[in-house]
């Protein structure tokens, strides 16, 4: 009697047996066994290290933009004077005897690869680890830059410049979402500002770097030096444990939670009474899928995501304002020095406009991020800052081109540029926060493609056509500057559109089905426990 009571007590203390029937969302009828999945080891990247690495990569990327435009690298074609004395050409243009048109093509050839590859990388982030995609892009960038230094004619360097755009595409689509995920909550916009501050800084450093290396060594060494600097970051992206973006299932989860028609448990270990782990093995029929089927699935998913993105009124309004803004910035960067010389007879317009752009670009970008964080970073406040800073900047810039004095022009234009560049962090903050996490890479890719195709690319020739028609640089610059008022009006409309921060939303089809109760922060170790030893029970 006592023995039977003891057996009953032991049975009551035993844990209930785990069911073998799984509630798999893909196939409710699928029979599964307990799975032991160990999450990746914690990544070396702390948030601050991640920011430093991404900012450095962005800086090197824009150093390349500045270097190829510098006199030391770009050079000039050889010319002969009336007396028959010819001077040898220098740089890329002199070595390859390029026309001005061909030289202009090289400066913008990267945009072909950038515009074509940006949506592709954003779409691939759905099925591949985004951090590894950045590694692929940086590898392409590194080899293409080294190829520029080894090029033998116009076509080889033009193709390499296009490939540089392909490499850059992976980075611009995915870097900002990584920063947004890991930045401290009170400083998220400021961290974005530090990232985008590297654009004017990198271009300025590129001018100096390209001029020094090209004048003292050879333009080829400038490209080889850039490739050498980027190579460690490409290796790092593959060598370190990959980071995950919010809204994307880890590769391990996708591997184990793939929908299958039939499954059979493969049990490791010879002792059936002491099972350490079980792995679901897919049948051959379920695991096979043709490349055409995968491509169609990718295309269907991309089409669905694009429709969702373009139906978002907040996103569309933000991008329309950004396109208008970039239209003016593109015209300023190309025609500004020439217009300044024509209107005010500046002795060194390149240095003056370049200096104003660099200083105001750095200070304005940082200020925009810090201000938005200080007033509580929300989409509504971002639109208020975008609209207010842009209209004030437009007033100062418009007034600058109206005055006759060069000194007043410098003061007014500097104030205007400072305010205009304050929009960089807020406009990208809206693009990241008005969509769900799984759409952020595509959001950044479409933003980049749009501001180039409809913004700075057509603005320079259109401003040139206007100048040919009116033959008055003051009128031309005033007409171009007036587009900033239009951009401010578009962003002002965004204040009144119903919006919400979707950064905490997870796409249902992308979220890992691993139990969220066991999920720990990214930078801590995390293990999903499987079946326990039957002896421990």
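If you go along the chain as it appears here, the first residue is 1 and each next one adds 1.
Cβ atoms here come from the backbone N, Cα and C positions, even for glycine.
Caution: TrEMBL annotation is automatic and unverified by curators.
If you look up TrEMBL, you'll see 1-14 marked as compositional bias 'Low complexity'.
Per-residue pLDDT, averaged over the domain 'Major facilitator superfamily (MFS) profile' (50-500), rounds to 82. As annotated by TrEMBL, domain 'Major facilitator superfamily (MFS) profile' applies to 50-500.
Within the same chain, residues 68-69, 74, 92, 98, 133, 137, 154, 157-158, 161-170, 172-174, 298, 301-302, 305, 441-442, 444-446, 448-449, 452-453, 457 sit at least 6 positions outside the transmembrane segment (105-124) and bring their C-beta atoms closer than 8 Å to a C-beta of that stretch. Taken from TrEMBL, the feature transmembrane segment applies to 105-124 (among others).
As annotated by TrEMBL, transmembrane segment applies to 131-152 (among others). Long-range neighbours of the transmembrane segment (131-152) within the same chain, counting only residues 6 or more positions beyond its ends whose Cβ lies under 8 Å from a Cβ of the stretch, are 57, 61, 64, 121, 124-125, 159-161, 163-164, 166-171, 174-175, 178, 220-224, 226-227, 230-231, 233-234, 236-238, 242-244.
The transmembrane segment annotation in TrEMBL covers 191-209 (among others).
Per TrEMBL, the feature transmembrane segment maps to 221-240 (among others).
When Cβ-Cβ distances below 8 Å are used as the criterion, the transmembrane segment (314-335) is approached by residues 353, 357, 379, 383, 386, 390, 420, 423, 427, 430-431, 434-435, 443, 446-447, 450-452, 454-460, 462-464, 467, 476-477, 480-481, 483-484, 486-488, 490-491, 493-494, 497, 499 of the same chain, each at least six residues removed from its ends. Feature annotation from TrEMBL assigns transmembrane segment to 314-335 (among others).
Look at TrEMBL and you will find 351-371 (among others) tagged as transmembrane segment.
Summarising the annotation, TrEMBL assigns transmembrane segment to 383-401 (among others).
Same-chain neighbours of the transmembrane segment (475-498): 313-314, 317-318, 320-322, 324-325, 327-328, 331-332, 335, 339, 343, 379-380, 383-384, 386-388, 390-391, 393-394, 397-398, 401-402, 420, 430, 459, 463, 466-467, counting only residues six or more beyond its ends whose CB sits under 8 Å from a CB of the stretch. Annotation comment: TrEMBL describes 475-498 (among others) as transmembrane segment.
Under the heading compositional bias 'Basic and acidic residues', TrEMBL lists 502-520.
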